[in-house]
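K.L.:
Structure provided below as structure tokens; questions to follow.
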Amino acid sequence: MTAPVLIESLDQEGRGVAHAEGKVIFIEGALPGEVVTYNAYRRKPSFELAQVGQILKPAFSRVTPECHHFGICGGCSMQHMDVRTQVAAKQRVLEDNLKHIGKVAPELVLPAVYGSPWGYRYRARLSVRYVAKKGGVLVGFHEKRSSFIADMQACRIMPPRISALIMPLRKLVESLSIRERLPQIEVSLGEDVDVLVLRILEPLTAQDETLLKAFADQHHVQLFLQTGGPQTAYPFYPEDAPELSYTLPEFDVTIPFHPTEFTQVNPMVNRILVRRALNLLDPRRGERIADLFCGLGNFTLPVARRGAQVVGYEGSAALVSRARQNSQRNGLAGSTRFMEANLFEIDESWMREQGDFDKMLIDPPREGAVAVVTALEEKQLKPWRIVYVSCNPATLARDASVLVHRNGYALKAAGVINMFPHTAHVESIALFEKARRQA
């Protein structure tokens, strides 16, 4: 057993940080202010990675995890701390990245956006494996630091009706002839239908099909089958199920989607995120606004509903087609355009060809949008306002540095969106502005 150490802070993965014998110790399951022992599982000359041992002095922010799989399952890493402490830690991660990577600081720290900490996950990719030693099939997330699948009976971060399906799914897969050739089940929930996408590597037998249909009827789900990449997923049973979609009621927008297309995992927080983004962007009638990495139109359509003319750019031809369909579905085709573009390779000449935009919204994947912000260098004073939605604080900070130090913008505000409670994932939003040309 190690000597007790004092936990000084949390790192970006939510691990407690301590110092001992000239090394930095990163301790999973430890909280700032606690005195703990630890069990190292990786030792390097300057640091160690460890699991918490005994908690000799607990922090006031420590709570009892509600899921008995916590600590083994890799789906969550922060259930041992109260939600406000989780969010405060994420806010520090955001501000530290902006300071140390971007050399910037927001003029205003926005209040954090919260949602329900339980039952929030409407999208999940569950691994499946037949394990003879376990006596059957496992369905769930991977164990921490492991390729093994956690032996899960339930999942508190998924809606109760889906959590309750884990054991029936295990029994279902075990009964199939292809139980060793079904590696993944993707969960995709809409407002009127719950979809499970089964990744299959061999054809089903007639008996398999009968078992799957009986499961779908009993548990009121629609089953898709996926034989290759995401684009190969197709409805298996029932084929006449309701359309998979989500709504943004504040903007009278309904967005249909395919179960393998990207949507936010947390629909309630997504509604709040869209509201905040539009409040910061403040679209006005007559303005021309760009929505980069627009996807299905999650932001594009609400912005258009406010009266602006919006051009959405997306790298996937399939998503561009879907976004156009969604704009027509919502009666917004006249105020929106959607264009395919590889936004990781654009430059200043491409940006000039698009014409002037009054404002811009950027919602990139984890890689960020460095090509976009670099291409804005020659745009003079337009767009004068940019709202940047980020799922990676490091790339946000890098891009913020370009916008502020090279392009003349000010970082007016930034804050976290707690899209993934109980995980270290940091979703955030930032507002950039530059002085407008005077008439």
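Every residue, even glycine, has its Cβ placed from backbone N, Cα and C.
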K.L.:
Check Swiss-Prot for me: it has PHE293, ASN298, GLU314, ASN342, ASP363 binding S-adenosyl-L-methionine, so pick out which one of GLN226, GLN231, GLN264, GLN328 it puts in that same site.
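P.N.:
So the S-adenosyl-L-methionine site in Swiss-Prot includes PHE293, ASN298, GLU314, ASN342, ASP363 plus, from the candidates GLN226, GLN231, GLN264, GLN328, GLN264.
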K.L.:
Would you mind ranking the binding-site residues GLN264, ASN298, ASN342 by how many other Cβ atoms sit within 10 Å of each Cβ and giving me the lowest?
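P.N.:
Least crowded of the binding-site residues GLN264, ASN298, ASN342, by Cβ count within 10 Å, is ASN342.
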K.L.:
Are there residues of the same chain, six or more positions away from PHE293 (S-adenosyl-L-methionine binding site), whose CB falls under 8 angstroms from its CB, and which are they?
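P.N.:
In sequence order, TYR313, GLU314, GLY315, LEU343, ILE362, ASP363, PRO364, PRO365, ALA369 meet the Cβ cut-off.
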K.L.:
Of the residues in the domain 'TRAM' (1-54), how many are helix, strand and coil by DSSP?
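P.N.:
With helix first, then strand, then coil, the domain 'TRAM' (1-54) has 0 helix, 32 strand, 22 coil.
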K.L.:
Within 10 Å of CYS67 ([4Fe-4S] cluster binding site) (Cα to Cα), which of the binding-site residues GLN264, ASN298, ASN342 do you find?
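P.N.:
So far as Cα distances go, none of the binding-site residues lies within 10 Å of CYS67 ([4Fe-4S] cluster binding site).
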K.L.:
Using C-alpha atoms, which one of the binding-site residues CYS73, CYS76, CYS155 comes nearest to CYS391 (active site, nucleophile)?
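P.N.:
Considering only the listed binding-site residues, the nearest one is CYS76.
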K.L.:
If you count the C-beta atoms lying within 10 Å of each candidate's C-beta, which of the recorded positions CYS155, CYS391 ends up with the smallest number?
P.N.:
CYS391
K.L.:
Of all the binding-site residues here, GLU314, ASP363, which one's CB has the most other CB atoms within 10 A?
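P.N.:
Highest number of other Cβ atoms within 10 Å: GLU314.
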